[in-house]
């Protein structure tokens, strides 16, 4: 195993540990095996239990009802969370499953879903990324997608998730400039960088707990997904006896910072595949 492999595997271990410590310090369970019936139970007991569940649905029906009942207080980050999550899951399925293997796509999605259901997305993404980094070497990175379809797929993810990420932050920034006293639901301190104090604002403490856990999952899980793609890019370069340059790393970091981890991941894979495919075409 190369030095860069160790670096990216260590990064995934760091994200996994960071997610566990972060959740533990804020009172969320590290491992949870809730009853499946709680997905359809909207009783008060289930709603109370939902304050600590790690899965992004947190008893999906109850959580969505809680978000709806609390109006716009938690909508902005939820939209950001869903866009990044969907984009990264599609990228992971693209990387782990050859084109057209729908059953294997379902198996990979089910494995990631069960891990997230029991240990939370902030832990599941790093664990899943560790498996990918250990199983897929550079010579196996490019899937059987036709080149035109692959570029269209990655560019679609890049633009859709990137525009949503930038647009959501623009809404939060405008709301912050218009309401500097942090009383607006879309204020960046209430929506993206933190959660509102529901003892002072008209929102539910349970919904705030859900939102805080989504923020933990989004910050650690999506960072894990982005560095997974950077690790795969590094493997592809090593197969060509090349290494990541400082200029390329700075570019990848700023794309991820501005357009979001999902768009950053798509950009990394487009860059990687342009290198590996071009050599095959020349050969």
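Count begins at 1; order follows the chain as displayed.
In case you wondered, yes, glycine gets a Cβ from its N, Cα and C as well.
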| note | Between the ranges 198-218, 219-239, Swiss-Prot assigns transmembrane segment to 219-239
| query | Taking a Cβ cut-off under 8 Å, which residues six or more beyond the ends of the transmembrane segment (250-270) line up next to it in the same chain? | reply | 80, 83-84, 86-88, 91, 94-95, 151, 154-155, 157-159, 161-162, 164-166, 222-223, 225-226, 228-230, 232-233
